[in-house]
Amino acid sequence: MDHLAEIEDMLAQAKLRVTLSRLLVLDILNQAPGELAAWEIEQQLLNKQKKMNISAIYSILKTLEYKGLVQRFKVAGHHAYFSLNKSIGLVKCRCNVCAQMQHMDEALLQQCIVQYCEAAGLKLKSYSTLIDVICQKCSQK
Ligand SMILES: [Zn+2]
């Protein structure tokens with residue numbers, strides 16, 4: 001149960017009360033290989049014999065996002081996707097057709113963002129970008 005202790009720690013640091021629902025949602029996001037939509041979280045909870053209302057899941061995600069524990073990605077015309085906020089920046093490409101996620105080499109992009117913020121006198125806290133693409137495989141079909 002070490003991983004749950006780690007999650008309790010995250011909640012404590014964000015000054016959030018540790019509740020079973022928050023633990024469950026964070027645990028699922030923590031073990032996910034990529035972003036999850038709220039309905040995917042609901043499905044995984046069901047697989048663990050835990051039933052949670054989708055609006056309750058959204059409300060938990062909103063709180064976690066507000067506290068900076070979770071990042072939200074929104075692509076026009078799609079569901080929002082959520083992932084655990086582990087680093088300052090995250091840039092991913094998501095295929096419009098097969099929904100496959102790809103990390104992007106973001107060193108150059110990060111440099112631009114950092115420089116932009118410095119020039120504009122902004123204190124950079126974090127960034128997240130989801131880029132809507134059609135992957136190589138799908139574009140060949
Ligand atoms: Zn694709």
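The backbone N, Cα and C atoms fix where each Cβ goes, glycine too.
The model shown is predicted, which means the values in this text are computed figures rather than measured ones.
Listed in TrEMBL:
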BINDING   C95, C98, C135, C138  Zn(2+) binding site
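Locations of recorded TrEMBL features on the structure.
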residue	record	Cβ within 10 Å
C95	Zn(2+) binding site	17
C98	Zn(2+) binding site	11
C135	Zn(2+) binding site	17
C138	Zn(2+) binding site	14
Inside 8 A of the center formed by the CB atoms of C95, C98, C135, C138, which other residues of the chain have their CB, for the recorded Zn(2+) site? N96, V97, A99, Q100, V133, I134, Q136, K137, S139
In three-state DSSP terms, C95 (Zn(2+) binding site) is classed as strand
